[in-house]
C-alpha cells in the first residue's frame, strides 16, 4: 500500500517534467512564458488580483473546508505538523509554478499557430487543462500512449486525491460527532456519501452546473467567512497564548511573536478586507465570455453560499436565546472556551477523564508522562 501511495504521488511529477521538456521546445513557447512571468503592476492597484490570489490560496491548501483538521486528527499527539505545513506550502507552490510553465508554454504555441496574442487564448476554468495539455501530448513520440498516461495521471492524482480529501473530511467530522451511531457503520455511511455525491453529478447541466457550484458553493466569499470566525475563535476567544502553549506541548517548539501578531491582528484584518472587497466587486458569474446565468440560477448560487455561512450566526443566536440565564450572561458564556479536561484513552480500555492542572498561560495541562505517544488523547468539554 505504501508503495502505491508513493507511486501515485510522484508519478504525476515525472509526467509534468516530460511535458515541460516538450512544451518549452514548441514554437511560441517563449511568448507564453514571458506572458506568464511578466508582472502587470497596474493590476495590483485594484482589489481583483488580491481577491483572486487569496481565493486561490484557500483552494490550493484546502483552508476552511475541514479537510486539514479532519485528516490531521489521525496523527499522533506529538506529530510535527509544523514541518508538514512547510513541506505542503513549498511543494504546492513549486507544483503550481511547474504546471504554469507547462500551460503557458503551450498557450504561447497555440497563440502563434492561430496568429493571436496569448491573452486572447487564455481561458480559466476546468477546460484549460483539456485544451492545453493534449496539444503537447500529441507532439510526443507514441502520442496515444502518452495521452493515456496523461489522463490516467489526471484522474489518479488530481481527482482521486481531491475526492478522497473531500469525502474523508466530511465522513470523519460526522463520525466523530455521532460516534455511537456512525462508527459501527462507517463503511456503509461512506458508501452512501459517495453515492449521494455521484447522484449530484448526474443532472444534464454539465459544465454550466459545475461553473455555478464552483463559483458559489466553494467560493472565496464563503471560505473567507468561515476562516475569519475560525481565526477569531482560536486567537481571541480560546486565546493565542493558550494556542501557543498547545503547540509547545505537542511539538516542543514555541511559535514566536510573528505568529502571534499574524493570528491576532494580521490574518483577521486581511480576511475582512478581502471579504469586503469581494462583496463590493461582486459580478455575477458567466460561463465563458458570453453566457450569463438566469436570475434563478444566481439565486440558487447564493443559497449554496449561504448554506455554509448561515450556521455560524444562526447557532450563536440559538445558543444565546435557548441557554438558561440572561442574554448577557449567555453571550459572555458563549465567548469563553469550555475545555475542561483531556481524556486519556489507553489501548483496549474505556475512556477515563484525567483531572488537569492549569499552566501559567491558563492551559489545562499535565506532566510529560501524560503526553505519551502510546496513548490517544482527546479534549472533553
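Glycine is no exception: its Cβ is also placed from the backbone N, Cα and C atoms.
Residues or ranges marked as Na(+) binding site by TrEMBL: 92, 162. Cβ neighbour count for residue 162 (Na(+) binding site) (all protein chains, 10 Å cutoff from its Cβ): 12.
Marked as transmembrane segment by TrEMBL: 53-74 (among others).
The transmembrane segment annotation in TrEMBL covers 86-111 (among others).
The transmembrane segment annotation in TrEMBL covers 131-154 (among others). Within its own chain, the transmembrane segment (131-154) has Cβ neighbours under 8 Å at 11-12, 15, 18-19, 22-23, 26, 102-103, 105-107, 109-110, 123, counting only residues six or more beyond its boundaries.
Annotated transmembrane segment per TrEMBL: 189-210 (among others), in sequence order.
Per TrEMBL, transmembrane segment is recorded for 216-238 (among others). Sequence-distant contacts of the transmembrane segment (216-238) (same chain, at least 6 residues past either end, Cβ-Cβ under 8 Å): 51, 54-55, 58-59, 63-65, 263-264, 267-268, 271-272, 274-275, 278-279, 285, 300-302, 304-305, 307-309, 312, 335-337, 339.
For 258-280 (among others), the entry in TrEMBL reads transmembrane segment.
The transmembrane segment annotation in TrEMBL covers 300-321 (among others). Sequence-distant neighbours of the transmembrane segment (300-321) (same chain, 6+ residues past either end, Cβ-Cβ under 8 Å): 212-213, 215-217, 219, 221-222, 225-226, 229, 285, 293, 327, 330-331, 334.
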Task: Long-range Cβ neighbours of the transmembrane segment (258-280) (under 8 Å; 6 or more residues past either end) - done: 47, 50-51, 54, 220-221, 224-225, 227-228, 231-232, 234-236, 240-241, 243-244
Open item on the list: Are there any residues at least 6 positions away along the chain from residue 92 (Na(+) binding site) with a Cβ closer than 8 Å to its Cβ? List them or say none.
Closed with: 60, 61
